[in-house]
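First comes the structure, then the notes that go with it.
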Amino acid sequence: MYRTHTCGELRGTDEGKNVILSGWIERIRDLGGVKFIVLRDRYGKTQVVVNPDSPVYPIVNNISREYVIQVEGIVRKRPAEAITPEPTGEIEIVASELKILSKSELPPFYPGDDVSEEMRLKYRYLDIRNPKMMNNLILRHKLAFATREYLSNNNFLEVETPYLTKSTPEGARDFLVPSRLKKGNFYALPQSPQLFKQILMISGIDRYFQIVRCFRDEDLRADRQPEFTQIDIEMSFVHMEDVINLAENLIRYIYKAIGIELPEKFDRITYEEAMEKYGSDKPDRRYGMEMVDLTEFFKNSDFKIIKEVLERGGSVKGFKANIPMSRKIADEYSEFVKGFGLGGVLWFKLENGQITSTTAKYLENEYKAIAEKYNMNEGEVFIIAAHDNRERMNEALGALRLKVGKQYVKVSGFDALWVVDFPFLEWSEEEGRFVARHHPFTMPYIEDLEGGVELSKVRAHAYDMVINGFEVGGGSIRIHRRDIQEKVFDIIGLTKEEAKEKFGFFLDALQYGVPPHGGIAFGLDRLAAIAAGVDNIREVIAFPKTSSGTCLLTNAPSAVTQFQLDELGIALKQSQ
């Protein structure tokens, strides 16, 4: 037997027991000849005492940190002055037996050391030994376990869908897998199980879920990985409200399982409201600083920059913030919004009851009216922008609002809401056509589509759950009629031949009795990161890739042999 107890298990009530522990050596101290070993495993830490007269004392001189050892001994209570607040801080083990199970070379760092992320990912097996990292993975497990528990108790079936499937690129690039048996043909790794879960609804499995790996070959950011995990859900005979209620209850349940209480009812705002107030379709409202329309205050202004914008049919917006402001800071903010195509920002501050600004002599009356309307307090600042493209201005001010918030506003707690009534389509400059904003299987508002509404204004039966400024889940009611699905394919520029080639199997399935259905998918990585209080999802993934898609532990992706390429019928093209 390697152990009778774990390193986080023993308490004062175990005094006098003979126990066996196994684990890693966290540290060794020598106090007047008495050796103290802190032994660590996944469950915690326990102090082991080796007295000079112990038969195992000589062994202690030949062990170091991160050795794996087995210790047998008697549990005793520590002296009152030696008790620590840790769960096992009341006791220690007096060793009578000690065995070295595995030696350790001098590691490049010790678990918990402050080292670069590159080092942590290269030696991930050392990094995961850090209790903080270990606890992140335990938390992730608890979220997944609670998900299965909740959905199983609500009549959902966990059904696995294929990883090797057909390439139907709409949006991000597919990861392609060459077929050895059918040379020149390729599987794709799924970006989501979207079509399979809809086909399961057509099959009569009315409540499906899966905790599933998905793959997207895209340029990466801090919150993206080429492979990621979704909590995937689909339901038959549902309206949007049914899916939203189920999803909200699920997220409340799984967060409660790890000790986080979310609001009893999530707020709901439209996409248009989110963009107008926060400049983002995933707003973090904890920062405050709602954007407001200020056009009315400047309609008679002679200030050249604003006057020209308004003459072109543009508008003026801004937000109030309790932050320091100077010409230098204003210049920094102007440079920031220039990255979004704006010319810069205007600003004014209420100081000693007076308007302070580099443009006060031109716009003092306008600034005073704004200050009065929005009840500005001493020291508050208004940041203002003007542009003839309202979408671009919303995006720029929204990004600036986030930058200011992260710099100056201390936030805590959880802001959870739904964003609904998304545009069904968005224009792709790159492709010169409309593309589906979510995916082309989302049900549009039929009254918009058939009522002559401009295509860019057609709404979708789509909904996103946002927590603390992160989109943690997105879903929609799906198209369950073949004629509507074919019309949508036509709108996004797919010919009948292309639609048949890519989605013929699905269009065929839509002919054989399809229940109205809808669903949602949550990012488990992001849900875990928010719960753990970390910004980067790599902190809650055991073996993540870098921002360039590399696994530093295994050095994947890597070259393969010519024999492997020949078997697949693949010839590599030299890059120019």
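From the backbone N, Cα and C atoms, a Cβ is placed for every residue, glycine too.
The model shown is predicted, which means the values in this text are computed figures rather than measured ones.
Sequence-distant neighbours of His438 (L-aspartate binding site) (same chain, six or more apart, CB under 8 Å from its CB) are Phe422, Ala460, Ala462, Gly474, Ser476, listed in sequence order. Residues or ranges marked as L-aspartate binding site by Swiss-Prot on the basis of sequence analysis: Glu170, Arg216, His438, Arg478.
Remote same-chain residues near the region 'Aspartate' (194-197) are listed as 161-162, 165, 168, 208, 210, 232, 234, 439, 441, 503, 506, 519 (criterion: CB distance under 8 Å, separation of at least six residues from the stretch ends). Per Swiss-Prot, region 'Aspartate' is recorded for 194-197, and the stated evidence type is sequence analysis.
Residues or ranges marked as ATP binding site by Swiss-Prot on the basis of sequence analysis: Arg216, Asp217, Glu218, Gln225, Glu471, Gly523, Leu524, Asp525, Arg526. In the three-state DSSP classification, Leu524 (ATP binding site) falls within a helix.
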Cα separation, Leu524 (ATP binding site) to Arg216 (L-aspartate binding site) (Å, whole number): 16
Most Cβ neighbours inside 10 Å, all chains, among the binding-site residues Glu218, Glu471: Glu471
Inter-residue C-alpha distance, Leu524 (ATP binding site) and Arg478 (L-aspartate binding site) (nearest angstrom): 22
Of the binding-site residues listed as Glu218, Glu471, Arg526, the one whose CA lies nearest the CA of Arg478 (L-aspartate binding site): Glu471
